[in-house]
Amino acid sequence: MAKNRFNQHWLHDHINDPYVKMAQREGYRARAAYKLKEIDEQDKLIRPGQVIVDLGATPGSWSQYARNKLAQGKKRDAEREGGIDGTIVALDILPMEPIADVHFLQGDFREDDVLHQLEEVLEGRAVDLVISDMAPNLSGVASADAARIEHLCDLALEFAQNHLKPDGALLVKCFHGSGYSQIVEKFKQQFKVVAPRKPKASRDKSSETFILGRQLKHPR
């Protein structure tokens, strides 16, 4: 019974969520698009001509937002017109419905085959921005969840170190908890500028937050 009440409460909140309604109205696949939008508007992350990589992209709302930002013209229906000023590569182990002008690679970005496909798309170009909305399946066991979250952040950090331009940026999702300070410290070891971000689109009850790193200390 308690589980049913929780599910009913979540469904009620979800249906009445203004960001869910906005996403449905504006054609985004998830309300998460507005988290990236708010951070982008604050930090001016996405600019014309950039190479952007979206890790853990499915269902694709972050790639949609980035695509719309780089689209020719300023119309919300630009996706139907085609053409962007820049390159977006979305990666996920899960399938994703196509998005116009977005290169989607399904697979683990640590594997050589996927990295080879990525290199073919990039054509030798370094990446301006890596965005990651990856999140593990949380178990409710604090220590185990902290380790899973930190692991995903480590993967994003390693990817960024290998692919970012010296003045590039990495934005990742994490959660406040026992491992949060360690993640921030790892960012500080890798980036000259590190800042936490908590967009209004994040649910009030969620411990979700985002960390932004800019300008690699030790570019490759």
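A Cβ is built for glycine as well, from the same backbone N, Cα and C atoms used for every other residue.
According to Swiss-Prot, the protein has these features:
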type	residues	note
BINDING	GLY60, TRP62, ASP92, ASP108, ASP133	S-adenosyl-L-methionine binding site
ACT_SITE	LYS173	active site, proton acceptor
REGION	198-220	region 'Disordered'
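Feature map: Swiss-Prot annotations on the structure.
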residue	record	Cβ neighbours (10 Å)
GLY60	S-adenosyl-L-methionine binding site	23
TRP62	S-adenosyl-L-methionine binding site	29
ASP92	S-adenosyl-L-methionine binding site	21
ASP108	S-adenosyl-L-methionine binding site	12
ASP133	S-adenosyl-L-methionine binding site	22
LYS173	active site, proton acceptor	22
Once DSSP output is merged into helix, strand and coil, ASP92 (S-adenosyl-L-methionine binding site) belongs to strand
Would you list the DSSP helix, strand and coil counts for the residues of the region 'Disordered' (198-220)? 0 helix, 9 strand, 14 coil
Tell me whether TRP62 (S-adenosyl-L-methionine binding site) sits in a helix, a strand or coil according to DSSP. helix
Taking each of GLY60, TRP62, ASP92, ASP108, ASP133 in turn, which of these binding-site residues have a Cα lying within 10 angstroms of the Cα of LYS173 (active site, proton acceptor)? ASP133
